[in-house]
Structure formats: C-alpha cells, structure tokens
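A short worksheet on the structure shown next.
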Amino acid sequence: MIPSVLPTYNRAPLAFVAGSGSWLTTEDGRRYLDLGAGIAVNVLGHAAPELVAAITAQAGRLWHVSNLYRIPEQEALATALVEATFADTVFFTNSGTEAMELAVKMSRKYWDGHGERSEIVAFHGAFHGRSSAAIAASGAEKMVKGFGPLLPGFVQLPFDDIAALEAITEATAAVIVEPAQGEGGIRVASDAFLKALRARCDATGALLVFDEVQCGMGRTGRLFAHEWSGVHPDIMMVAKGIGGGFPLGAVLATEAAARGMVAGTHGSTYGGNPLGCAVGGTVMSIVSDPAFLSEVNRKGALFRQGLEAVVAAHPDVFEAVRGQGLLLGLRCVKPAAEVVQAGYAQNLLTVAAADNVVRLLPALNIPDEDIAEALARLDRAATSLS
C-alpha cells in the first residue's frame, strides 16, 4: 500500500522535531550535529533568532498579497540583490526549480524576434532541479528515464573542459552552468574555464546563465561563487540559502538579458510574497556583510584543514577533500552511502552526492567547537568502516 506521502525520497528513519544552530533533535530526544543544513538551505542554522524575529514580525502584519500589487518587502530585497551583484532586475520564485524554468524562458525569449535561437547548453554532472526543463538540461539517465519525450533543445558538454566550449555556436541561445557543482560531487569550475566560457558566449552572442542555487549566498566565502573568478553572468538563479529555510528563490538578470520579459510573459502566485521577502531581506543583510563572509572563509579553512587530517588518517575510507569555503565534500573510497550511514551512528548528518562524494554543507555561522565535534565524529565514523 502506498504511503500517504508519495515515496519519491528514500528517507532515513529519522524524524526531527526541533533545531537550534547546527543541532537537530529527534522525537525521542537524541541530538544530531547537522552538516547538511537542509542541503545548503539553513545558512544561519536552525531557528536563527534574527530570522525568527523577522518572520514573527511580518506574520503579524501581512503574509500574502498578489503580484498584481506592489510589495514593499519584495522591492527592498530586489534592490539589495541588484546593488550587490551584476544584475539590474529580479524576479522572485519559491524554489530553485522554478528559477530554472524562468531562466530557460528568459534565455529563449531574449531571442524572440532577434534570430530565434532556442538551443540551451548545459554540462555533465549538472543538477538544476526536477522540472521538465531541468531534467532535460541535466540529461542524466536516472532523472529522465520513463518521463517520455524530453523538452527539446538541450545539449550537454563536459564540465570544466575548455576545449569542449567550441560546441557553443551562433545557434546557442544560452549556456547554463553551476560555478561549483553540488549534486554533481562538489566540483568547482576553474577560473580559466569560467573566463573561457564568458569569452565564448561573448563571441557567439549566447547568454551566460549561472546556477548559484546551492553554491551561492555566501556558501563559498563570497556572496556568490562566480565572484572568485571575476566572471559575471547575464542571468543567475538563486534559491536555497536566500530564504534561510523559508521557501524562496530568485532569478537575477541584466536589463539586456531581460528584454523579452514584459507584462504577461511570466508570473507566480506566491513568488515574492511579503513573508518570504521579509525573511530573505534579513538573510541578505547578514550574509552579504564582508565581516560575515570573512568568517565563512576562516571557518572553511579550519574545517578543510581538519578534513585533510581525517582523510590522511583513513586512506581506506577517504580519498580527497573537495570544495571551497563551506561547500565541502569528501571523495570516498568506501561507498558514500556507507559513510553517510556510519555518520548516523555517530549522530552526524551528511549528504551523499554523485562521484562517490559525501557533502558537508554546514550552517555558515557554525561555531568552531561544532566544527571540532564534527571532525571527531567523522573520524569515529571512518574508524567504524576501516
């Protein structure tokens, strides 16, 4: 008999009823150290006091109005994002998948009446969500099998391969890439690759779209991961961390890239609602602070140093450390799923990824003592597998 919740997830037998900072508490009172943060969502930890205050205050005023009217909280967050990035304009969604859908629509609409291009180039190992456009972009067999004819017009190239960029032509409408792949195994694109990609898009006229749903919002130690390379996109997708745990996403774009998106071309009932944008505005004000980002870099270096020691101590379990800032991964010798399970036995939560990698995506404000505790638990988990 099918359960009441559609079984599309292979869920662990854990149910959490409370959280504080980097810790989660189960129904029976056990505490788990959370290195998943809802898969890079809870950037300020669980029940962050600043976010509790923001959502409580806004909930007492106004939750939802239609986008048929001005929404001051939405305008304030959009302005903050525009002032902090390459973008001139923002559309708010409720998730990364919705942001992906708009990014594809915007990229194709840009060419409406200007050459009619529709081809979208993406990369092997990419994850852009589970909608029809998103799975067509990834092209991964496990994601597309059984879902019938795919949305046409998507091409996949090898990730971080400069020579492969010659496949981008004057038939290409846009190129979509994660500056750092999360689901794909914590693979950070080289600066040289991103610069070559920008140059190729400029040469062919194709739009460059960055998916920063997982790697953005301070995760790598810059507000957005592409800032490390100095390369800027025409369109960018944001979600996960921008809401700090509240469903919120966004598409940022230059005025030129957004030229086709006029009234009636797109919409969202809940996108940019007052409640979500009040929370997002608070997240943005905290995470965009240079002092906060400096701490992310310091904590990332501290965590990475400890992980290198764990890898060196357990070469039969781990192969290498990957990532940047607090977007970290352990390439495993043992099956990654076994490492995740061994973590459960130590009351430690991690997240598996492709390429036999275990992701470590803690809250960006994780205390140093929690990093030390996480390393000790990882060491014990590895010992149990040796």
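Going from the start of the chain as shown, residues are counted 1 onward.
Any Cβ shown, glycine's included, is placed from N, Cα and C.
Per TrEMBL, these features apply:
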type	residues	note
BINDING	Gly96, Thr97, Phe127, Asp211, Glu212, Val213, Gln214, Thr269	pyridoxal 5'-phosphate binding site
BINDING	Arg130, Ser268	N(2)-acetyl-L-ornithine binding site
MOD_RES	Lys240	N6-(pyridoxal phosphate)lysine
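Here the features listed in TrEMBL are placed on the structure.
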| residue | record | Cβ contacts under 8 Å, 6 or more apart |
| --- | --- | --- |
| Gly96 | pyridoxal 5'-phosphate binding site | His128, Gly129, Asp211, Val213, Gln214, Met237, Val238, Ala239, Lys240, Gly249 |
| Thr97 | pyridoxal 5'-phosphate binding site | His128, Gly129, Arg130, Ser131, Ala134 |
| Phe127 | pyridoxal 5'-phosphate binding site | Ser138, Glu178, Gln181, Gly182, Glu183, Gly184 |
| Ser268 | N(2)-acetyl-L-ornithine binding site | Asn67, Phe91, Phe92, Thr93, Asn94, Glu98 |
| Thr269 | pyridoxal 5'-phosphate binding site | Ser66, Asn67 |
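Secondary structure from DSSP puts Asp211 (pyridoxal 5'-phosphate binding site) in a beta strand.
For the pyridoxal 5'-phosphate site listed in the record, the two most distant Cα atoms among Gly96, Thr97, Phe127, Asp211, Glu212, Val213, Gln214, Thr269 lie 25 Å apart.
Cβ crowding, taken as the number of other Cβ atoms within 10 Å, peaks at Lys240 among the recorded positions Arg130, Lys240.
Most Cβ neighbours within 10 Å, among the binding-site residues Asp211, Glu212: Asp211 holds that distinction in the structure as shown. Of all the binding-site residues listed here (Val213, Gln214), the one with the fewest other CB atoms within 10 A of its own CB is Gln214.
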